[in-house]
C-alpha cells in the first residue's frame, strides 16, 4: 500500500489546453492521457470522443462545457481541462471555473497562429494564467524545416506581444494524432518531452495556506462581554489569535483590528486556515462598524479600490442574460465575493456597444471602494440576475 500514499504526496498542478479551433487541443489531451498511461502506468487512457463530449457545468450562473482529465508524470500529479468550443474557453477563463497554474498553447504547424491563438494568449494575460508552454502540433504534415522555424518564431512573437517571455518559452514540435496512434513510438517521446518542459517551466503553485490571510465577511454579530464576531469562509492564508489584521473595503482606508479569538463549530481554536468556516472575534470595533462586503485580511496585503480594467463576458439571451446590447456609461451592480456594489462601465475607444455573447476589456468605476486585486472574479448583475462575468485585469486607482 506504500505506493498509493506516495502518489498523494506528489505536488498537484492545474493545467489546460488553449489555442485555435481544430489545431488539435482535444487530440493532444487524449494523446497525453494515453502516453502517460503507456509510459508510467498512471492515470487512465481517455479516448478523444469522451473528452469531446464534455459535460456542461454551471459556474456563477453560466453554463460551460469542460472536460477534466487527470494524469501523472514522475514528479507531479496534473489535473487538465479542455473545452470543446471557443466560447467555453472565454467563459472558463473569465469565470475562473477552471483555474490554471499554466497552459499548453496548441498551434498547428500546418496553419500557424490564427485569431483564437492570439485571443487565448491575450485572455491568459488578462485573467492571470501565469505560464504558457507551446506544443506545435501536426508537425508530421510539414516537411519543410524552415516553415516549422517560421511558425515557431511567429508564436514566440505573439507571446512577447502579450508580455509572456516568448524567447525563453519551451516550444515542443510533435503530432498529437501520431502519438495517439503509437504512444510508445517517437511521437510519444514528444509528449514526454512536452511534460519534461512543463514540469520545469510551470512552477509548483503556492498553496492557499501559504498566501496572505483573507476572509470575506458574510455575517456580523456581537457577543455580550466578548465583542464583535465576523463570520465567513477563509479564502486563503492563516489567521492566529492575538494577530493584528485589517478590515478592508466600503471605506476609504483599511482599519486595523486585533483578533481575540477564532471559533469553528463552537470550538475555540488558536488559528483558522484556508477553507475553514469560522467566526473571528475582534477587539475594538462595534457591530455596526463592520458589514458584509468587507474583507478581513493580512495588513497591507490588499487595498480598497474603485477603478480598474476588467475582462468581461456578457451572457447571451439563451443563458439568461440581457436581450439587448448595453452602451458606454451602463450602470449595473457588480457582485464581489459577498455583496453587490453599483458601478459604471467605460467602453474602449471605438466600441459603440456590447452585445450579449461578447467578451470585452472595459474600465469599471465603483461607487464604493472594494478590496480588489488582479485576478479577482466578479459577476455583473441587474436586479439580482447575472448578466455577465468578469475578472480584474489591472488596478487604476
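Cβ coordinates are placed from backbone N, Cα and C, and glycine is handled just like the others.
Cβ environment of residue 19 (GTP binding site): 25, 105, 106, 107, 116, 117, 120 lie under 8 Å away, each six or more residues apart in the same chain. What Swiss-Prot lists as GTP binding site is 19-26, 82-86, 137-140.
Residue environment of residue 26 (Mg(2+) binding site) contains 22 other Cβ atoms, counted within 10 Å of its Cβ in all protein chains. Residues annotated as Mg(2+) binding site in Swiss-Prot, with sequence analysis given as evidence: 26.
Annotation source Swiss-Prot lists domain 'tr-type G' at 10-206.
Cβ atoms under 8 Å from those of the region 'G1' (19-26) belong to residues 48, 51-52, 67, 82, 84-86, 105-108, 111, 113-117, 120, 137-138, 176-177 of the same chain, restricted to positions at least 6 beyond its ends. The region 'G1' annotation in Swiss-Prot covers 19-26 and is backed by similarity to another entry.
Assigned with DSSP, the residues of the region 'G2' (61-65) fall into helix, strand and coil as follows: 0 helix, 4 strand, 1 coil. Annotation comment: Swiss-Prot describes 61-65 as region 'G2', evidence class similarity to another entry.
When the region 'G3' (82-85) is classified with DSSP, helix, strand and coil residues number 0 helix, 1 strand, 3 coil. According to Swiss-Prot, the feature region 'G3' maps to 82-85, an assignment based on similarity to another entry.
Restricting the average to the region 'G4' (137-140) gives a pLDDT of 97. Sequence annotations record features per position, and here Swiss-Prot assigns region 'G4' to 137-140 based on similarity to another entry.
Within the same chain, residues at least 6 positions away in sequence whose Cβ sits under 8 Å from that of residue 86 (GTP binding site) are 21, 116, 119.
For the pair formed by residue 139 (GTP binding site) and residue 26 (Mg(2+) binding site), distance between Cα atoms is given as 16 Å, rounded to the nearest Å. Secondary structure by DSSP for the region 'G4' (137-140): 2 helix, 1 strand, 1 coil.
In sequence order, 16, 54, 64, 65, 66, 67, 89, 92 make up the list of same-chain residues 6 or more apart from residue 83 (GTP binding site) whose Cβ falls under 8 Å from its Cβ. Secondary structure of the region 'G1' (19-26), assigned with DSSP and counted as helix (H, G, I), strand (E, B) and coil, comes to 2 helix, 1 strand, 5 coil.
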